[in-house]
Amino acid sequence: MSQWILSLTIFLILALAFIETPSSLTSTSDVRYRPAPWEPPCGLTQGVEALCLLVFAADVSVKSYLVGWAQFRKNPWLRAYLVVLLVSLVDWIVSLSLVCQEPVRVRRLLRPFFLMQNSSMMKKTLKCIRWSLPEMASVGLLLAIHLCLFTVFGMLLFPGEKDRERLAHFRSLPEALTSLLVLLTTANNPDVMIPAYSKNRLYAIFFIAFTLIGSLFLMNLLTAIIYNQFRGYLMKSLQTSLLRRRLGIRAAYKVLSSMTAEGEAHPEGVGVKPQDFLQVLQKVQLGSDRKQAITEKLHSRSGDLLSADEFQKLFDEFDKRVIKEHPPRPEYWSPFLQSAQFLFSHRYFDYLGNLMALGNLVTICVFLVLDADVLPEDRDDFVLGILNCVFILYYLLEMLLKVFALGLQGYLVSSSNVFDGLLTVVLLVLEISTLAVYRFPHPGWKPEVLGLLSLWDVTRLVNMLVVFRFLRVIPSMELMAVVASTILDLIKNMRAFGGILVVVYYVFAVVGITLFRGVIMAPGNSSLAPDNGSAPCGSFEQLEYWTNNFDDFAAALVTLWDVMVVNNWQVFLDAFRRYAGPWSKIYFVLWWLVSSVIWVNLFLALILENFLHKWDRRSHLQSLTGDLEATSEVTVELLFRDVLEEPTEEELIEKLSHHPHLQLCR
């Protein structure tokens, strides 16, 4: 409960950026059409923030009290936690004293710290990034030298005052440096080369050499270095986790055995009473399925006392996730019903359903192609309406037949069936609503708009749900299912790296709002913003990028995302150079380095590491779990158990003997 409250508090204090001034509560961020946003009254968001700070103060107080003063002084995260709270409180008081009109809010920059300090995996990730910085800095230095050398070469190669290449991209040293930096990401290729290449084809050698060395060699070398640094990160993390688990289990054994051995001459020779183990197990917050599995394993052994090895083996059940057994199917006495049950529970019946889903998707695609040039009000939805009715009736029939064959509980056990059934019910409700409002389809079916949605809107909604339902085919294709399950598992286990990205986005968005809020103005309000007709081709104004600005937090996040993708990011560099000044390039280049160079390569390296391990060991998973109908599936720790090194007895005893929180008579 404490962790849930803390997580909710972190979410609230981070989400305040969308509400507080400048508010993101508008339908669009386009500076030409954006209405005046609702601004919260002074004290509203500050009151919510005060409650959040009180929760954090209680959290740091409890943690500091529990670890003790000596451990508090050694823990930099706890000390930083206290400092951030104090700075935030001072800034909060200043904000209220200025009636919420302060120009800069320092505490907004500090809010992501609360997210980082609450995640041990994020702290480990930051430590690993710090370990990788020297190697990344060496490649970054090579990139900087490469960029500077080719910039000087370009300035010397295009010297003419009337040279198109010099006027377009090499007019000055900063502009030449910016052009080649963007070319390093291939965002302006071949635009930057065309003026020189049209004059002399030999000029292409300069740009090809730059791209070959910088983009294809040095940038990929940076990815390789990051991957090499993080290649053992997963195994190292799992190894540390295994050691902590073994240490905790051995400490529990020591505590329980010391209770059993009170008054004994040789405490090390005794074990743990099963009844003591069961008594403690009942008090532990654990799922009933796991408790039952451990209890059954305990009752299956013989002997009065549990040895250290037997005590450890009981905890191996924690490495298995219990899968609920399939409930028994309904029993029918009629031979005909038994044959029907066998037929509709067979996998070929699923294949038929997948084939029908594919046919429905194909019909939708055909009508999208045929009606591409027809306006919605001129479309005849008669044939598509009939086909949708037929397919939805089949989906309903398929669901009912599966319930008949498997039983209601057996049908709901499978997540794929739940997904199918839920979408089938939604489609059926939409179809019945359509027939009730617009009657049965007929040739020339173009009724007037009745109710909330027009017939075309309902048809589009039905078609989108049908397309979404087609995802049911993924579990039926073995190779695709393995890849999809691996990707989903990667997403679940990469929350720490997603958290790092949230922190980086949050900080840069707040800094961007402080630096660039209001600099992008509508064409009619600024002499620097020409009309669309007079703007140069490919410019910020001509491309109508008016929604990309830093006028509120949500718009800042989208702008940073667009720059991180590095497609046309030279447009942002040029626009903010003109509107805010040449110093704005520093901000965007730093964002490119942090997001596209460091974080994306780090994420790619970690995906490769996780995916390769999971892909290579999926056969080993079968040997651990048996057939696919096993009652348990393994966790990541058990999956890699053959490559993890078990801690030795001496190592465990040595660490326990010096552990500050285990005080036993030795």
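The backbone N, Cα and C atoms fix where each Cβ goes, glycine too.
Features reported for this protein in TrEMBL:
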- 10-230: domain 'Ion transport' (DOMAIN)
- 346-611: domain 'Ion transport' (DOMAIN)
- 1-17: signal peptide (SIGNAL)
- 78-99: transmembrane segment (TRANSMEM)
- 136-158: transmembrane segment (TRANSMEM)
- 202-227: transmembrane segment (TRANSMEM)
- 351-370: transmembrane segment (TRANSMEM)
- 382-401: transmembrane segment (TRANSMEM)
- 422-441: transmembrane segment (TRANSMEM)
- 461-484: transmembrane segment (TRANSMEM)
- 496-520: transmembrane segment (TRANSMEM)
- 586-608: transmembrane segment (TRANSMEM)
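Between the transmembrane segment (136-158) and the stretches 202-227, 382-401, 586-608, it is 202-227 that has the most C-beta pairs under 8 angstroms. Contact count against the transmembrane segment (422-441) (Cβ pairs under 8 Å) is highest for 382-401, out of 382-401, 496-520, 586-608. Through the fold, the transmembrane segment (496-520) approaches residues 14, 17, 22, 31, 104, 108-109, 111-112, 115-116, 119, 121-122, 124-126, 129, 529, 546, 548-553, 556-557, 559-560, 575-576, 579-580, 584, 587, 591, 594-595, 599, 602-603, 606 of its own chain, all at least 6 residues removed from its boundaries and within a Cβ separation under 8 Å.
Looking at the domain 'Ion transport' (346-611) alone, the prediction's average pLDDT is 81.
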